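Working notes, beginning with the structure itself.
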Amino acid sequence: DGPQPVTIAQVLVDDAYWSFQIAPDPTLDRLQAATITIPYPWVTGEAHVISLISTTGATFEAEVPVAVQSPVPDRGTVLRFAAIGFYVGVVPVALGLLWYPFLRDLGRRGLRFALALTIGLLLFLIVDMVGEAQEVAEAVPGALSGPLLVPLVALLSFLFLLAVSNRNPNAPQRGLGVAYRMALGIGLHNLGEGLAIGAAIALGEIALGVFLIAGFTLHNVTEGVGIAAPILRTRPALRHFAGLALLAGAPAILGVWIGGFVYSPLWATVFLAIGAGAIAQVVVEVARLLAGSERRQGLASDWVTLGGITAGIALMYSTSLVIAA
């Protein structure tokens, strides 16, 4: 990603020179890509360091942590990856939505606590997604300014969704619409989780992949609870619950496919930033619902609201420790 063309002259594998083929051309212009084929006797499970040496002597290194065959998008692999995404995304969100009948039995203070809890969950997700996007952005070519893309894309996503939601500012806030927008933002977050799982499997880090599956599954149950909070005053049809679970969870399937077959740090950064902006806009809408609930009860924000926000952040943080451990 430098300003000058680069010509690949030699290739080393574990400090030994090897023959190679490069297509379409060994000379690469700025942001141009090429495929290098190395006839090396790979041993499954071993780690290797590959060094590319240019005609000017500049060296570019890449590490292969575990030598494994890359997943092939055949029918069996596609279905297995889809099953992983369904288990990680759709199932836990649906389990969280099953708390809906219990949450409906809460009183007014309980409803305010549930809405505040949702805000806490979403605030944690914003911080988590921005941090994850910045981490992935480090792998984006420097010429594309990956770290700068994160706040810019997130801000544009937030402003666009805010403009869409404010087309009729005099219309009452509908809980079901807020729930769907929340599910969309969480779906983009789960897309990022799927990317992490798919990339781990593609790199041969099976133990890490299994650990991520277990951790994200537990983590996503809390997201289903948050989606249910804005619709506690309504009785949506069963199809809406199915739609919310699919909208929030199904992107994990797409994420596993992309991460396992065609992972791109640039697009991963963009999707995560869009998700952060979308969730920030949902925080605004849930805060409006909470403020409206407090006005109807003639109350100001109190310890119930603060406690709910704190509990939401603490709940998401505690479940994230399972993933980070």
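The backbone N, Cα and C atoms fix where each Cβ goes, and this holds for glycine too.
Note that the structure is predicted; figures quoted are calculated from it, not measured.
Features as listed in TrEMBL:
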TRANSMEM  78-99  transmembrane segment
TRANSMEM  111-131  transmembrane segment
TRANSMEM  143-163  transmembrane segment
TRANSMEM  197-221  transmembrane segment
TRANSMEM  241-260  transmembrane segment
TRANSMEM  266-291  transmembrane segment
TRANSMEM  303-324  transmembrane segment
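Packing against the transmembrane segment (111-131) from elsewhere in the chain are residues 103, 150-151, 154, 182, 185-186, 188-189, 192, 222-223, 225-226, 229-230, 232-233, 272-273, 275-276, 279-280, 282-283, 286-287, 289-290, 293-294, 297, 304-317, 320: each is 6 or more residues past its ends and has a CB under 8 Å from a CB in it. The transmembrane segment (266-291) shares the most Cβ pairs under 8 Å with 143-163, out of the stretches 78-99, 143-163, 241-260.
Beyond the transmembrane segment (197-221), the same-chain residues lying 6 or more positions past its ends with a Cβ under 8 Å from any Cβ of the stretch are 45, 65-68, 70-71, 81, 84-85, 87-89, 91-93, 95-96, 190, 249, 252, 255-261, 263, 316, 319-320, 322-323. Within its own chain, the transmembrane segment (303-324) is flanked in space by residues 109, 112-125, 128, 211-212, 214-216, 218-219, 221-222, 226, 290, 294, which lie at least six positions past its ends and keep a Cβ under 8 Å from the stretch. Using a Cβ-Cβ cut-off under 8 Å and counting only residues 6 or more beyond its ends in the same chain, the transmembrane segment (241-260) has close neighbours at 71, 73, 77-78, 81-82, 84-86, 88-94, 97, 100, 179-180, 182-184, 186-188, 190-202, 216, 220, 223-224, 227, 267-268. When Cβ-Cβ distances below 8 Å are used as the criterion, the transmembrane segment (78-99) is approached by residues 71, 183, 186-187, 190, 193-194, 197-198, 201, 213, 216-228, 241, 244-246, 248-257, 260 of the same chain, each at least six residues removed from its ends.
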